[in-house]
Amino acid sequence: MLLSVVAGIFLLDHITKVAAFFYLPDQPVELLPFFHLTYVENTGAAFGMMQNGNFLLIFVMLAIIAYIIISWRELCSCGSLVKWGAVFILAGALGNLYDRILLGFVIDFLDFRVWPVFNVADSFITVGGCMFVISLFMQRRKKREER
């Protein structure tokens with residue numbers, strides 16, 4: 001089942017990026033005053049860091065994917081938050097890795113105007129990372145209560 005979720009997220013990310021590539025004009029499309037669809041070819045990492053760092057970013061994503069796969073059993077034994085966080089990070093990393101290898105950049109298109117433009121994969125990576133952090137705080141709290 002978890003593999004199906006990874007595949008579903010990957011497909012959702014890919015389909016939305018293909019749609020952005022083919023259907024978004026050169027100008028942003030305003031859906032709401034605070035939310036636009038803006039086509040961006042991102043050669044860097046999140047928030048515009050490491051522009052033109054594609055090779056390094058591919059290596060980092062491969063390392064993250066390898067870690068999740070190698071540590072899968074251990075991650076799953078840490079509880080649901082960690083398990084689902086790993087699923088979300090894995091799916092998002094695979095989505096962005098696919099773009100980087102095939103295109104040399106990642107397609108971003110979700111634009112809240114006050115935040116850098118991002119994509120579905122970025123969203124899942126962020127949510128997965130937050131789930132890891134929340135789990136960490138919950139484990140620390142539990143250990144304190146046990147003392």
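Quick reminder: no glycine exception, Cβ is built from N, Cα and C everywhere.
Some features that TrEMBL has for this protein:
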type: ACT_SITE; residues: ASP108; note: active site
type: ACT_SITE; residues: ASP122; note: active site
type: TRANSMEM; residues: 44-69; note: transmembrane segment
type: TRANSMEM; residues: 81-98; note: transmembrane segment
type: TRANSMEM; residues: 118-138; note: transmembrane segment
Residue pair ASP108 (active site), ASP122 (active site) - Cα distance, angstrom, rounded:
9
Residues with Cβ closer than 8 Å to the Cβ of ASP122 (active site), same chain and 6+ apart in sequence?
ALA46, GLY92, ASN96, ASP108
